[in-house]
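A.B. asks: Annotations per TrEMBL:
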SIGNAL    1-26  signal peptide
DOMAIN    58-170  domain 'DOMON'
REGION    200-219  region 'Disordered'
Amino acid sequence: MKLCSVSFISSLIALQLLPLFTIVNGQQATDSCNSTLPLKDLAFDSSHLQCVEVWRVQNYILRYARTVENTWSFILSAPDSSAYIGIGFSTTGKMVGSSAVVGWITSDSRSGSAKQYLLGGTSPGEVIPDQGDLKIINGSLKIESVSSRLYLSFQLTAELPRERLLYARGPAEFFPSSPDFRLREHQFMTTTTINYNTGPAAFGPTMSPGPGSSPPSPSSAYGLSPSLLFFFMGLVALKF
């Protein structure tokens, strides 16, 4: 009886520690503002870029600078999770009406694509590729994967880019394809306000799609994972 109890408790502890092992393994794809950019053949000089950790939960790093008059260079870095990544420029802080730069590298062929999208509405049909009001310099838009990270780089012509920025990560293993290059709804999204001279001024909450998201379980609502809840229940049961 005691042997079964010990085995039961050990199994529950292993389940609880499993997410920790996953996190440790995932740290191999991290980036920081202290890291050296591993990129070559960029269309612009990256030696004087400012750097901001814009989305800590997803480890999104934004590097940017005004390289010449009215020309701004950007590099968005994110883990390669077999999904598209995107950065949107908004006047209101909301998705609808903004323009975004989105890039992806397919899992099978490892070919990369990047496009500007007009975010005209909340349905996939209203997100239109190759449209938007961002003045992207020809030949500057590029995405590449290095050491399990995606690097989306581009240049804009603007006196001052919009300061309300959106960041998104798409659903895993879905990639826009020819002929319509339609985007599926993002899996996660967040908003920030940035001061291009001093860095980020404010961060918004991380959001997942509302209609398709599941409500939290009773255990997670109190900050407990299901396995940890069962662990405590098992300890209580052993006393009886």
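Glycine is treated like the rest: Cβ placed from N, Cα and C.
Keep in mind that this is a model prediction, so the values were computed, not measured.
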A.B. asks: Can you give me the average pLDDT across the domain 'DOMON' (58-170), rounded to a whole number?
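C.D. replies: Mean per-residue confidence for the domain 'DOMON' (58-170): 95 out of 100.
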A.B. asks: Would you mind splitting the domain 'DOMON' (58-170) into helix, strand and coil residue counts from DSSP?
C.D. replies: 3 helix, 64 strand, 46 coil
